[in-house]
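Per TrEMBL, the feature region 'Disordered' maps to 77-103. For 144-178, 206-236, 238-268, 269-303, 402-436, 464-498, 569-603, the entry in TrEMBL reads repeat 'PPR'.
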């Protein structure tokens, strides 16, 4: 008998799409659910969410992903939930219960082969069981260099740098792997200078040693030092070191150096190409990112996920979802939880509830419903799309909740103005962080309850730049421009370093007051702190400066700021076009629009409004 088809939408409320035989791909076990196994089946799923109607062309396409899912063997005949779990091992009858898994002192008399014990120390370290690793190490009567290195690595993996160094110093013998393990410990814990000091003391080095130090400097932002070491590598530059340096330039937004390093590489792999691809997206080079992707000799799930994320950041929703679909259809790439998380975030950011619900169905079918990070993304997607009842149901179904899960719910309630519910959850949180407090401050500010926001700010146990910026933005949102500027000055006096969002908010406050003098003072403050910022933060401030000078009547100064920007983005072009149009300089606005098209930047609705205003001025 043919299995009964399920609706694509997993809901009886919507019957507008063709049904697909999901049971053939992911059959639901017909057994009584065990209370210890809280699996979210498709039958449960249809009652969890309410799906709105949509005319999206992607509606059918995303659901085609279900057709590419691998079959899941029907486990129903093999499951016997009513029998106790001890029946799984009927021949195992320990006379005494196992009450202590920690290593016993008797080990001192029985160790003849160190390999399994060294391996166990390594496994303890990877799982965060440092105390067990220490106990096993202490019980071992014989230890070799691998034993000591395994304990050192266990400390390194858990951020215990001092203990790792003490172990390294106490080692009776140090081999090259021991030195490299200590180098890795420093690099993993963002201590690049300490790593380099140790590197200079090494009696001998290999390719791995050089690569570790280059990685440490590159990821810490010391790119010139990283490249100097890279150039000195004996025996030529290896692929791993080249990828590390390339990644460092991408992270710091050094576009020219990134391209140069890639072009100089004599050998490249999928990591090299994917790193360059991510750099193109970060630099806003959409067409070049597409060209890089099409030229890649090999693609993996990370490459495709970078395309989904890049398109989403550039507000190219259809292209983002098309890439997600093609990932499996064209290349046969197995979608992982990270790819699903990025796609879910795209649905959240672009208000695509219907497609998000379908992706949630795919999450369930593929067995990722218990993935904590992906679960948080699902909650955020429902919350950002206003489906808070569904977000709350998913939240309550989660077996494990972390701080991010709680913050997602508090933030979602705060963003839609349900401050009573946000405060209730805030009160129930087992632990709070700066995000928890700042979300509430932003929520009260956006609902014109600035007094409550101010009260919460004063109650915060500690305050960072994000909290201060939330208050400044709150004053700005409520039209209290003088207070926004006053709190910015207070923040500077407190020694808090503003970020790009802080400067953008306070520059907008200056524009709201039409205070050119105040705006110029803030501009000077921004210039003083320019060295501390990445290129991405810098362009955000420069865009705000263009807008501020234009609104304060000094469009010529706005244009001077514009001309100093090496890589203008869409916001930059829009700010300049609108600025010229608002000051009756329609011809110059149209000139900028023409330049923008020649640079390959795609216009949006704000661009077209600016162009329309320019035509009105000319006519």
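Glycine is no exception: its Cβ is also placed from the backbone N, Cα and C atoms.
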Chain residues in Cβ proximity to the repeat 'PPR' (144-178) (below 8 Å; excluding those fewer than six residues from its ends, i.e. six or more beyond): 114, 117-119, 121-122, 124-126, 128, 130, 133-134, 137, 184-186, 188-189, 191, 204-206, 209
For the repeat 'PPR' (402-436): best-contacting stretch of 269-303, 464-498, 569-603, by Cβ pairs under 8 Å: 464-498
Same-chain residue ranges lying at least 6 outside the repeat 'PPR' (464-498) that approach it to Cβ under 8 Å: 434-435, 437-438, 441-442, 444-446, 448, 450, 453-454, 457, 505-506, 508-510, 512-513, 518, 522, 525, 529, 532
Distant-in-sequence neighbours of the repeat 'PPR' (569-603), which means Cβ under 8 A and at least six residues beyond its ends: 284, 286-287, 539, 542-543, 546-547, 549-550, 553, 555, 558-559, 562, 609-611, 613-618
Surrounding residues of the repeat 'PPR' (269-303) on its own chain - C-beta under 8 Å, 6+ positions past either end: 239, 242-243, 246-247, 249-250, 253, 255, 258-259, 262, 309-310, 313-314, 316, 327, 331, 333-336, 338-339, 536, 567, 569-570, 600, 602
Same-chain residues near the repeat 'PPR' (238-268), Cβ under 8 Å, at least 6 residues beyond its ends: 207, 210-211, 214-215, 217-219, 221, 223, 226-227, 230, 275-276, 278-279, 282-283, 285, 534-536, 567
